[in-house]
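*Asks:* Pasting a structure below so you can have a look.
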Amino acid sequence: MIDPEILVNTPDIVRLSQKKRGESQSIVEDALIARRNLRIAINNFETLRAEQNVLSKKIAGSEDSDRPELMRVANLLAERVKNAREEQEKANSEWKKLLFEIPNIVSSEAPYGVEDKCAVMKTVGDIPEFDFEPADHLQLGEQLDAIDVSRGVKVSGTRFYFLKGWGARLELAVMNLALDLALKSGLTLLITPTLVKPEIMLGTGFLGRHEGEVYRLPSGYYLTGTSEVAIAGYHSDEILDISSGPIRYAGWSSCYRREAGSHGRDTRGIMRVHQFSKLEMFSYVHPQQSTRELEHIVSMQEKMLNLLEIPYRVSDIAAEELGTSASRKYDLEAWIPSQNTWREVTSASDCTTFQARRLNVRYRDESGRTGYVATLNGTLATTRFLVAILENHQTSNGSIRVPEALRPLLGQDVIER
């Protein structure tokens with residue numbers, strides 16, 4: 001959640017953020033009213049409790065003849081205290097509810113507008129020029145007996161698939177390359193749970209307006225769409241030592257997404273699916289270091305795409321395209337020859353203290369005072385990378401030239417059937 005002090009003391013900052021997101025600003029006034037109602041309820045409860053304490057002392061020192069009347073008054077006062085406590089709890093619940101509904105405050109650096117207002121920061125690599133009509137990744141994968149969508153549909157339904165033979169080996173090679181990069185860069189590896197409690201999913205900002213994108217089990221647990229969720233909850237209700245720098249993790253997991261809002265989009269192949277693999281970077285840092293850490297995460301993602309010899313561009317995402325938790329976000333988009341366009345294959349987000357406030361993750365400074373950490377995340381490798389590898393490195397006969405960095409992991413220079 002956002003810093004309540006910012007909402008109470010400088011509500012115009014929150015109103016501007018809501019405006020940039022294209023969302024209602026009325027929730028700001030609703031939240032401020034709820035805050036005032038809470039303060040009134042707290043004051044009323046504390047006043048009655050003070051009266052109750054005075055009366056208790058009076059009863060203790062009273063004469064026997066006065067005690068029945070004092071007890072009658074005490075019983076009436078106890079009922080008023082009980083009602084006041086209930087009103088305070090009700091007011092607090094309303095305040096917390098509205099506070100949780102407000103998305104993170106958008107960075108002043110984030111562009112205004114929707115998707116077409118995203119700012120391209122840079123473009124890296126040469127777009128491949130083919131002397132033949134490039135095939136799409138599914139055609140290539142089927143020719144190589146590496147991707148089997150039809151049997152995925154038969155077994156699990158639409159947007160499922162099998163990676164087979166070279167397809168499975170290629171994904172594992174990509175993941176291992178990313179893992180090696182992460183370990184050499186000092187990240188700690190985690191293999192994370194893919195089932196989490198509702199409070200962890202809520203804490204990371206994936207419920208509310210995003211609830212339709214995640215799978216909820218009858219038990220109440222949620223399947224995670226990214227290991228970001230589990231890693232964000234990993235240090236919940238803890239005080240971290242970040243005095244020597246950021247705490248950085250790389251979490252591997254299978255990921256599950258309903259893709260409820262993408263009906264009819266990317267129905268061919270493995271670009272947008274219900275289950276995929278991902279290695280996710282996640283950082284806990286001092287809030288003043290979050291901008292620098294975001295740049296570090298993006299630099300790691302760029303190293304990975306450069307190793308895979310994939311042309312890409314980096315875009316600063318417009319405010320209306322940001323998720324609930326993100327204050328700022330960069331997308332890294334790979335060139336997809338069959339579509340003659342750029343497509344997002346990985347992203348990096350600065351969530352500032354938004355998730356940490358919800359999950360109660362703090363640090364202690366040199367003076368002994370505690371504060372909330374900032375959390376950031378970014379994908380280092382995912383199944384979607386296979387789309388860009390197959391299409392950018394295809395040859396006229398349907399074989400795939402293996403990027404040099406993957407050759408030691410695959411044991412050859414070319415993938416062919």
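Keep in mind that glycine also has a Cβ here, set from the backbone N, Cα and C atoms.
Values in this document were obtained by computation on a predicted structure and should not be read as measured data.
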*Asks:* Which one of Glu171, Glu280, Glu333, Glu416 goes with Thr226, Ser227, Glu228, Thr379 at the L-serine site, as Swiss-Prot has it?
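*Replies:* The one candidate that Swiss-Prot places in that L-serine site: Glu280.
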*Asks:* Would you identify which residue of Val273, Val361 Swiss-Prot lists as part of the ATP site it also attributes to Arg257, Arg258, Glu259, Glu344, Val345, Thr346, Ser347?
*Replies:* Val273
*Asks:* How many other Cβ atoms sit within 10 Å of the Cβ of Thr346 (ATP binding site)?
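*Replies:* Taking every protein chain into account, the count is 27.
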*Asks:* Including all protein chains displayed, how many Cβ atoms other than that of Glu228 (L-serine binding site) lie within 10 Å of its Cβ?
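*Replies:* So the Cβ neighbour count for Glu228 (L-serine binding site) comes to 30.
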*Asks:* What are the sequence-distant neighbours of Glu344 (ATP binding site), meaning same chain, six or more residues apart, C-beta distance under 8 angstroms?
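*Replies:* Those within reach of Glu344 (ATP binding site), by Cβ under 8 Å and sequence separation of 6 or more, are Asp331, Leu332, Glu333.
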*Asks:* So which binding-site residues out of Arg257, Arg258, Thr346, Ser347 end up within 10 angstroms of Glu228 (L-serine binding site), measuring C-alpha to C-alpha?
*Replies:* none
*Asks:* If you count other Cβ atoms within 10 Å of each one's Cβ, which of the binding-site residues Val273, Val345 has the most?
*Replies:* Val345
*Asks:* In this structure, which of the binding-site residues Arg257, Arg258 has the fewest other Cβ atoms within 10 Å of its Cβ?
*Replies:* Arg258
